[in-house]
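Annotated features, as they stand in TrEMBL:
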DOMAIN    1-139  domain 'UBC core'
ACT_SITE  C77  active site, glycyl thioester intermediate
REGION    141-217  region 'Disordered'
COMPBIAS  168-198  compositional bias 'Low complexity'
COMPBIAS  204-217  compositional bias 'Basic residues'
Amino acid sequence: EVSALAADPPEGIKVYPSDEDITELHTAIEGPEGTPFAGGVFRMRLVLGKDFPAVPPKGYFLTKIFHPNVGHKGEICVNVLKRDWKAELGLRHVLLTIKCLLIHPNPESALNEEAGRLLLEDYTEYEARARLLTEIHAMMGPGCSSGTSQDPNDGPQPKKHAGDLGKRAGAGAAAVPAALGNGASGPSTTASSSSGSAVNNIAVKKKADKKRALRRL
């Protein structure tokens, strides 16, 4: 069963069997979309006792998670690992049930009482806490940085934005002194300021165009 799981794992779940100890199965579950756990990868282990499959395995989250049905030491409370267990269910069913638990928590059997209370009374706060811990503990892998890396094409944009800001400043230069009440010297000053801004904008644009051309080369 472990070999079959490793060869064909459930969607969103990876299985890492150990050649040395087949009674302990390590897995990684992707946080389901639409939940506070989305984007995270949660490591978990299943411990198969000597009486397995007559007795259900025990599940533990190794990645810290804020969830009503996960205790502070990572222990998982779900019926399939307790009274609803049947030998014929198998490990695949266990993994899928735990993944579903991330989508539909059960506050009535909460191991983390604070998470269970917030889920019922203040979902916004529960979601914020769960998402924060996901970002801190479940997004530390090397692949997670790709979401925040800059696109090389974004390079010239700050200069372009600065130019746009200069254009707006030039166009509204007559209104600025009046609004600030700083006794500006009148139309001649405004005109020279506008022309200076226009020259600066052209220079900035030329520099940006030159950098784009160099980048293409």
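The backbone N, Cα and C atoms fix where each Cβ goes, and this holds for glycine too.
Taking Cβ-Cβ distances under 8 Å and a sequence separation of 6 or more, the neighbours of C77 (active site, glycyl thioester intermediate) in its chain are N69, V70, G71, S109, A110, L111. Across the range of the domain 'UBC core' (1-139), the DSSP-based residue counts are 50 helix, 25 strand, 64 coil.
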